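Participant: Just dropping this structure here.
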Amino acid sequence: MQLTVKALQGRECSLQVPEDELVSTLKQLVSEKLNVPVRQQRLLFKGKALADGKRLSDYSIGPNSKLNLVVKPLEKVLLEEGEAQRLADSPPPQVWQLISKVLARHFSAADASRVLEQPQRDYERSLSRLTLDDIERLASRFLHPEVTETMEKGFSK
């Protein structure tokens, strides 16, 4: 089937692919045609991001469909890859192990793992956004909890 892939900058290409082609293979073809590295590509169909491991047919993409290509900045890709590598390299903290045990009682191993990923990403994102001022405030609250309590009582009057 014939597909059109259009980048936001206006470049586009037409590709001939089977309906059951993997998204990852399509990205490779787009890389060759538009000279955009695979790891910087994000393909969208009707506003939905396409996952590398899925097939075009999984998204009901048919002949003459138009896909949008978002090119991620290289810096963002490197940061994402670095964060993923850091998470993979570090042993899970005890809290994640405990949460994992609780989830394992209620979900299959695969589902429990997927459920756990989101809070871990949120936690990592929150930590990476802490400023020095935020850290100083937290440290002050831990080291001098009585001052924080006094201030809170003063505000509640």
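If you go along the chain as it appears here, the first residue is 1 and each next one adds 1.
For all residues, glycine too, the Cβ spot is worked out from N, Cα and C.
Swiss-Prot lists 1-76 with the feature domain 'Ubiquitin-like'. Sequence annotations record features per position, and here Swiss-Prot assigns ubiquitin cross-link to Lys48 based on similarity to another entry. Look at Swiss-Prot and you will find Ser90 tagged as phosphoserine, backed by similarity to another entry. For 96-138, the entry in Swiss-Prot reads region 'Required and sufficient for interaction with BAG6'.
What's the neighbourhood like for these features in this structure?
Facilitator: Its own atom aside, the Cβ of Lys48 (ubiquitin cross-link) has 9 Cβ atoms within 10 angstroms in the protein chains shown. The secondary structure of Lys48 (ubiquitin cross-link), as reduced to three states from DSSP, is extended strand.
Confidence in the region 'Required and sufficient for interaction with BAG6' (96-138), given as mean pLDDT, stands at 87.
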